[in-house]
């Protein structure tokens, strides 16, 4: 059976523009909070295939999105490379021993050996393939090497990225060694997600905006493209989505390149600019400002505006970043219904 989301990724004719939301399996859903409480904490939920599959499916049933995205976290990758991960209340993700020296990097597990440790992710995918409706796509994902490296070097989330940037400008060879090690693990990780059954993969570069545009290709984009092209060569039938957040200047300068299918547009990049620079080569995904979900009127206005720019094929509706925890569920449902309404073909 044809999956509308996969068809849209390949610019095929669809009855309407499909829609999903980043972080759609999340804290805005009371049903998600119930399952998370059952798991005990966020990491336990990621490590429990049965419960992770349950929360992955919830947004399809409750909100009506056209695709499911695997419930997991980007930081399971460095965790299985040997960096102990904790989620501390009020602080978010924290690694107990950030990378400071060559010895720290050498101590980590690399390549396929690290990817093989993520069995709970592949098990979740296998459960989902049994339970998802045949017309609904399952999206697998990873963090981009740069975004993963920021946590691995800083030890936690950061507003300044000073340790990463100090390394970027004073010891770029070492930063490239870290990025190479992470890239090699991610390639195997994505391959194993595809082998387990995902229909689409997305690479999230959440902290792309931390890099100045003239350095973005060198320290992030080229590694993302390497992963995408490795996957496209082996699995041409699997769409690859790139989502680098906050790189409007990079887009405007015409610097985006690579063999992938869909470009995720963040809410800070005008959709008209993305269409002008990228729309002929790539399907575009996005890009409503997530805070518009607090108002149904603001949501409808934005959805209609995006539809007016994007028209028919070559587009997937989404937010320009993740849905926030205090958004009313009825407003998320309204967003999905409006996307499907305005794009429905006669």
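Indices start at 1 and increase along the chain as displayed.
The backbone N, Cα and C atoms fix where each Cβ goes, glycine too.
Copied over from Swiss-Prot, here are the features:
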- 23, 24, 25, 26, 27, 73, 151, 206, 321: substrate binding site (BINDING)
- 73: site 'Transition state stabilizer' (SITE)
For substrate: widest Cα to Cα gap among 23, 24, 25, 26, 27, 73, 151, 206, 321 in Å: 23
Length of the line joining the Cα atoms of residue 23 (substrate binding site) and residue 73 (site 'Transition state stabilizer'), in Å: 10
DSSP three-state assignment for residue 25 (substrate binding site): coil
Spatial separation of residue 73 (site 'Transition state stabilizer') from residue 321 (substrate binding site) - C-alpha basis, Å: 15
Other CB atoms, at most 10 A from the CB of residue 23 (substrate binding site): 17
Spatial separation of residue 73 (site 'Transition state stabilizer') from residue 27 (substrate binding site) - C-alpha basis, Å: 14
